[in-house]
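These notes concern the structure reproduced below.
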Amino acid sequence: MASEGENVVMESPGRRTRSGRKAASPAASLPTRSTRRTSKRNVQLSDHEEEAEEQVVMVQEEEEPFRGTNTAEAPALEPQFEETQHQIEDDVEMLPAEAAGVDEKSSSFPFGTVAELHSETSDDIKETRGQAGVDTLLASLAGDNANSLPSVGGNDESDNVKKADFEYNVDSLQPQMEKMNSSEDSSSQHAIAEDLADADTSNATIVNTEIVSEDELPLPSKPEINDAEEVSDEELPAPQRAELPEDAEVISEDELPASNNNNTATEPKAPLKRKAENESVKSTEDKDASSHESSTKDKSSEQYNPGSPTSESNDAQPSEKKLKVEESEPKEKKKEKERDKDKEKDKDKDNNKDKEKERKKLPDLDKYWRAVKEDSTDFTGWTYLLQYVDNESDAEAAREAYDTFLSHYPYCYGYWRKYADYEKRKGIKANCYKVFERGLEAIPLSVDLWIHYLMHVKSNHGDDETFVRSQYERAVKACGLEFRSDKLWDAYIRWENESKRYHRVVQIYDRLLAIPTQGYNGHFDNFQDLINQHDVTITLANEEVIRLRKDFHERQQSKSSKSSSKHRRDSSSSSKDKDSKEREREKDKDKDKDKDKEKRETVGGGVGKSPKDTSETQVDESDSTTDLTTESESSHAASKPAMQIDFSDLSTLNDEEVVSIRDRAISARRKVHKLTVSAVTARWSFEEGIKRPYFHVKPLERAQLKNWKDYLDFEIEKGDRERVLVLFERCLIACALYDEFWLKMLRYLESLEDQSGVVDLVRDVYRRACRIHHPDKPSLHLMWAAFEECQMNFDDAAEILQRIDQRCPNLLQLSYRRINVERRRGALDKCRELYKHYIESTKNKGIAGSLAIKYARFLNKICHDLDAGLAALQQALERDPANTRVALQMIDLCLQRPKVDEQEVVEIMDKFMARADIEPDQKVLFAQRKVEFLEDFGSTARGLQDAQRALQQALTKAKEAQKKSDGSPSRKNSSSSKEGPVPTGSAAAAYNNGGSAAAVAGYNYGAANPYYGQQNTAAAYPSQTPQQASYDSYYNQWGYGSGGASANSGGSGYNYGQWSGYGNYY
């Protein structure tokens, strides 16, 4: 064997005789290939043949330099060698060696590495002759083994096994090599594989070798496998497709790596088939090993693999044995196994779907959603979210994001376009149309969105002319009056013009020229070009052409009649002149005649007229006759068209008529165009002031808001309802976040109550304002509820109030409105439920007391249940014992009984005054009430006297408390720091619960608080001044103010009026 680290360059000069001079028969080479090998060795070698197909033999790259060397050295050889060399090169297959320094295991030749030697002289060639026999033998073996033995490539996995096989082959061939060397015709030198290291093999030409063509050689024998049944390709099991996960990426065949197909035509077909089977089995096992080990083992066992070690004998294939075993099993077990397999597959599919959902969930989606959920008005956060989902492949996440965003900002027409384009990319046309319809309903004045939608319609329904035209008509009806709708009109005209439907184009221009738009001049110029460049019969309607034609002939007839009458007048005047001239001529003629007579008489000339006279008379006659003929011809021509021309026959139009019809058609539109120009001029300044006609969350400038208000006032003053509504819609797109413009539109629509369809318009405006753009404005919701209640839609009104109550809780005005709506519709049980709900849910004692008072009145006056009203007030008083208003309301309800219960009223007063924390002023107040009540309704004088004593004691204590408060340093500092007098506790507490709790309980109906916001300083019942809190001096004669109490400064005197003063609360 050759030493390691050397390269081998072996030449296989075709299949030839093994002797050096005489050609052996082709059959002599057959035993040296495979017939001497055992069946076991054949099986192993067949496996190696399959591996040999994967080796890349770079024949072309190595063949060129050696061919060049042979060609350069050929002139130095003898002629017999030149002829032999050229014949050999046609059959030689060059086996390239690996690069220098490659290990023996990576060599491409099975007999080890041999150094590459070059011969430069003829002596080297002579030395080569002595080694011709051995070279021929080795080259033949190399050529044979190229088809029967695997070549060792750089990527083989079992190099050691292959090396041992190759060494075994060489050792088995040593006897033959010795016999060949001992023969007479062989060379004297021993040629073995080791000696080739010193030999020159660059020009390995063998002189005595007979060249045999490949057709004369026997076919390569196929490796035989003992006890193997021959089967066709159809009988072999097909490679089963691996079960890939659902999220596996689909790639095309172009993206797959190129396969190395270096197999020659002489390679056997059977190893290829087995290799394909083995590769399919290996790929299936590799892909399914992680998730389906059990199923993979079953599938791989069914494939036939001759090289795999099995415990079964070679008498039968494993697949056949398995079939026999399966046939022996009962059919029921087979069915059960199949069912179990199906169930397992279903479970695996379900698990894979769940895993796929979890896996497909976008990683950063929650981060973007968190930003907009925390602040739904964060427009920038919404844009980031939509940009993120638009770039991902999760359709459900994208739909959810777009739907939520557009529910908050439906006037962003650009995102409707993006949403529709996203659905179009997904290939779902139905969803794309739904998105377009939703967008056009939300923002019908978006010209760009309409154009985008119409392009989509034309691309999908281009053949349906009727449908496309209906969509264009729908578009111009929705936003055709918009001042900047020129692009839409131009697109409509262009579409009709492409199909050469010029009469429809003229009809569109008739509508467009009457609308003030930004490109009004261009539209009229285009219309003129259309009329002048095409025949009037295809541009104008037949009725219009016939009418204009009749007008033309009528004008011509009137012109002819006028010209004939003028001609008559001219002819009459000219006839008079002619008569005078004729008279003069006659006189001249008479004179001439006399002279002629005299001459004839004198001369004796002939008788008759001269030629001049005859000519003159003929000229006069001819003049008269021509005048008559012209008059008759003109009158005939004028009467002929009216009598004989068929105006409906447009084929008889002449050039003069066509010119007249065009001029008249254009002039008629020019009048409309002039009116449009004036309308555009009046609106141009307002249109120039609109700097942002689209929607955005950023606030508008004051100049922009003022311009919109002035523009709306201008259109309202003009009185065109359709144009006013279009302008309002344009304004609301740019000013959607300003509720004043919504209110302005509602007030305008309320002025149109007598007109039809106004109710639906008002309801739609309320819906958009309250549900979309201003969902947290109570004022708009209260107005909407009142509108629906006026339309007798109590259910809708209650729903509106319930929604705003949930969004803006703890608003007393909303609570009262909800209760009263239910009361007006007669749902008294619902009223009780709402009263109890609000009383129990409120945390403010003052608000709870106010609600309890109203609830008691409701029970007394509406439900006629006074005892239930007293019970409600009693519960409220127990919750807030210091609430003066609740106690006074209880006294009032007791007084409204048919028979006043003295004991009941006195108990209420005594219980309230018996509190330990009662203020002196409040105690004085209730003592006064008790005295007044007993004076009017008391049954005994003793009770009245006791009440008077209690009042005097209360006044004394109140006076002492007043002096202490006035004499305290803090009191002096506070009084000196303030400009005006400080009201006492009695004044501040008059009918106001004596504290700040009630001050928070109020709500304000005034216009100063447009959203009925509940402020801490807004009192439910505004605190009264001392003059308002004091009673009138009805009982001044009682003298309760004496003793200096009434003389106190600051208006803190107790001038008590009649007890019924708290009736002012009703």
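Along the chain as shown, the residues are counted starting at 1.
Any Cβ shown, glycine's included, is placed from N, Cα and C.
The phosphoserine entry in Swiss-Prot, when matched to the candidates Ser29, Ser119, Ser213, Ser252, corresponds to Ser252. When Ser308, Ser610, Ser968 are compared in Swiss-Prot, the phosphoserine annotation sits on Ser308. Taking Ser122, Ser182, Ser319 one by one, Swiss-Prot attaches phosphoserine to Ser122. Screening Ser158, Ser291, Ser622, Ser965 against Swiss-Prot annotations picks out Ser158 (annotated as phosphoserine).
From Ser148, Ser376, Ser459, the position flagged in Swiss-Prot as phosphoserine is Ser148. In Swiss-Prot, the feature phosphoserine is attached to one residue out of Ser186, Ser283, Ser313, Ser977, namely Ser313. Long-range Cβ contacts of the repeat 'HAT 5' (719-751) within its own chain (Cβ-Cβ under 8 Å, at least 6 residues beyond either end) map to 411, 443-445, 479, 481-483, 690, 692-695, 697, 699-700, 704-705, 708-709, 711-712, 758, 761-762, 765-766, 768-769, 773-774, 777, 779-780, 783. Assigned with DSSP, the residues of the repeat 'HAT 3' (463-498) fall into helix, strand and coil as follows: 28 helix, 0 strand, 8 coil. For the repeat 'HAT 2' (427-459), residue counts in helix, strand and coil come to 27 helix, 0 strand, 6 coil, using DSSP.
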